[in-house]
Amino acid sequence: MSSGGLLLLLGLLTLWAELTPISSHDRPKFCNLAPESGRCRGHLRRIYYNLESNKCKVFFYGGCGGNANNFETRDECRQTCGGK
């Protein structure tokens with residue numbers, strides 16, 4: 001397969017993954033955790049998945065500790081946990 005064909009295939013797979021919703025059975029359990037700012041005193045803008053609203057929302061992270069429901073971008077949150 002040519003490199004152009006591989007790029008097209010990769011693009012189609014990426015699009016399919018973006019458009020396929022994540023069911024609650026496929027969602028990692030840490031997506032259900034409440035956001036935790038952690039024990040440090042930083043003020044980093046981060047994203048967490050909110051189970052009740054099915055949306056990725058902003059919270060402020062202290063910089064250490066916390067839990068895995070903590071993403072740098074909305075896209076990363078959506079790809080991992082689903083949501084809007």
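Residue numbers in this text run from 1 along the chain shown.
From the backbone N, Cα and C atoms, a Cβ is placed for every residue, glycine too.
When you check Swiss-Prot, the disulphide partner of Cys77 from the set Cys40, Cys56 turns out to be Cys56. In the disulfide annotation of Swiss-Prot, Cys64 is paired with Cys40 out of the candidates Cys40, Cys81.
Comparing Cα positions, Cys77 (disulfide bond) lies closest to Cys31 out of the disulfide-bonded residues Cys31, Cys40, Cys64. Restricting the disulfide-bonded residues Cys40, Cys56, Cys64 to those with a CA within 10 Å of the CA of Cys81 (disulfide bond) leaves Cys56, listed by sequence position. Rounded to a whole number, the distance between the Cα atoms of Cys31 (disulfide bond) and Cys64 (disulfide bond) is 18 Å. On the 0 to 100 pLDDT scale, the model's mean across the domain 'BPTI/Kunitz inhibitor' (31-81) is 97. Note: the Cα of Cys56 (disulfide bond) and the Cα of Cys40 (disulfide bond) are spaced 23 Å from each other.
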